[in-house]
């Protein structure tokens, strides 16, 4: 389940994060994985700054051109483009020229760039930092996934299944042309067409009528004739290159429809036949123009004097994509989805310092949102780590506090539940005014935590939640081990979960916050046992998907203890 929780921000678990075509449908341009894993199926894991692997349907296939993998080059003996190191704005336009000897010898050099050797001492590798850099993954997709409203989540999987099956050793190639040459070509064509249109308009004004070669529509009304003339005077040189492939759908449809309306008054019985005739004529004309554009584009690709690229055309639906793959044609770069990805190695434990990851995570989230793309933040179960990162980011932006945003997050995604350690650190982050550098008492506490994670225990003493002093402790009835206090009991919130019918009126269970002694790693539900090794008796159960109380209230997530297994003791008497 992928859920939108805030503007531009989605949350899920690792299983849903693998639904790459659903992510494309949701316009997600970046994925933040809050644990170190290699189970993202569409992510190609390697240590190079380029890749020749691209994800298609459910496998990786090879590409005949290298694609940028990372913004910063990895330490190698090879030379890299010095222009790439400075920023990310040229990433789309850079293609590695090395390792290009393929079996078919069809690979051609795309860029001629100035190269310089990088001093390895100036670059910190992944092994030194023990952190993964953000990288890019590439996915082949038909544009219909984004543009077609009928392609929803219900039939998206069937739509993907209809894509052509390829072997893992298959090679595909994609298509690029030079932006400057294309721009000049289009400008010249636009100027010529504008002059032609002006001459035509002058002739039409002098003649006070509109004349066409086709005699069947020469006597139509002025309004309909003008509408027809607009479509007929257009050409591919006036249409942006990204829309060339849509001409057959929009261009001839409008013209045929206009002709049909015009002819209904004269020959209503022949309007359909007339439409087919004009469609054939127009399709023939468009096919000729497409052949011309394609030949010009191929010439431009052979004259590679600049690495500033623009990508043309679209494959609109899966049928066109399958045909293109069967005939070994070039895949338009517009049908290659570029996904930004970052791994954060966060452990869901009670001694993990999650605040050391927030600055890197926030920069990554901003870089995705600034491009008007959505971002998916997920962890293994989609509960603790990802929700903690989301709370830190949103609270820093809106300044409404961790508790307020946590309640808002749970109202949209009930599974969100940072562990007790993470939540205390988030409250400390709020006390530090969402900064990690400072000279306040709270900043000094965080500096101690950075030096030694054992100092996280000090956060328990600070009472960052501003809770009242607890009155009761709850102990195991069999061994008298202290389990929790009354401040850690979760009361029923009937505004969030409705009470189910046909249940009793009394509660026989107690729901508590997640405690350190509750082990939930890599599981969705389990049994709550006494943490005392000599006892280990069953106290209750837990589930990330929720448990229903005896009164009918549904608690999500739930850590439920049977009231008959614990004793309530006054704290003043136990001291």
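For all residues, glycine too, the Cβ spot is worked out from N, Cα and C.
Of all Cβ atoms in the protein chains displayed, 25 besides its own lie within 10 Å of the Cβ of residue 379 (active site, phosphocysteine intermediate). Taken from Swiss-Prot, the feature active site, phosphocysteine intermediate applies to 379.
Annotation note: residue 530 (Zn(2+) binding site) sits in a coil segment as assigned by DSSP. With a cut-off of 8 Å between CB atoms and residues at least 6 apart in sequence, the same chain places 476, 478, 479, 481, 483, 536, 537, 538, 539 near residue 530 (Zn(2+) binding site), listed in sequence order. Among the features that Swiss-Prot reports, Zn(2+) binding site is placed at 476, 530, with the record citing a curator's inference.
The compositional bias 'Low complexity' annotation in Swiss-Prot covers 187-208.
Look at Swiss-Prot and you will find 185-213 tagged as region 'Disordered'.
Its own atom aside, the Cβ of residue 476 (Zn(2+) binding site) has 21 Cβ atoms within 10 angstroms in the protein chains shown. In three-state terms derived from DSSP, residue 476 (Zn(2+) binding site) belongs to an extended strand segment.
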